[in-house]
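> I have a structure here, written as structure tokens, and I will follow up with some questions on it.
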Amino acid sequence: MEYTYLTPEIINKIEEYKKEFLTKEQVIIQALHLIYSKYRDITLDHMLELSNYLEVPLSQIEGIVSFYDMFRVKRNARHHIRVCKNLPCHIMGCKKLIELFEKLTGEERNQESKNGRFYIETVECIGACSVAPAFMIDDDLYDGTKITEEKLNEILSKYT
Ligand code: FES
């Protein structure tokens, strides 16, 4: 069977994971990571191919995607901003940071993007608590500790 999204590299990796990981769920999670880092998104087509390839129900894959923030389907935007709202980041001022993102992008958190450039999502810990309030834009991780409006504007301008 020919796959559109599961490239030979992705398939080879999945086969390696199958040998390494004990459960099918762990293989699915790793496969989703591969797809996400290649396409920066997990779409229904990606999930359908993966379900077909791994011979698992689509509903199982959809369940994992909706459970993990990391894979949450990117809306209709080119860039995906993720701001951690977990306790350490909350204490360090993520609320202000989120408001700043909303102000500078003209978008609302967790709402479909209006202009198709940014989608802002508030998420649980992204594993960068030492630089709380932490945020990511696509695959880039940022230290939010000393962020100012000017700096954030500069950062955003890199994502067209
Ligand atoms: S709590 Fe925010 S990155 Fe860990």
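Note: Cβ is positioned from N, Cα and C throughout, glycine not excepted.
Annotation comment: TrEMBL describes C84, C89, C125, C129 as [2Fe-2S] cluster binding site.
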> Between the binding-site residues C89, C125, C129, whose Cβ has more other Cβ atoms within 10 Å than any of the rest?
C89
> DSSP three-state call for C84 ([2Fe-2S] cluster binding site): helix, strand or coil?
strand
> Reduce the DSSP letter at C125 ([2Fe-2S] cluster binding site) to three states and note it down.
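The three-state answer is coil.
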> I want to verify one value. Collapsing DSSP to three states, which class is C89 ([2Fe-2S] cluster binding site)?
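It is helical.
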> Please list, in sequence order, every residue of the chain apart from C84, C89, C125, C129 whose Cβ lies within 8 Å of the Cβ centroid of the [2Fe-2S] cluster site.
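Here the non-site neighbours turn out to be K85, N86, L87, P88, C94, E124, I126, G127, A128, A132, P133, A134.
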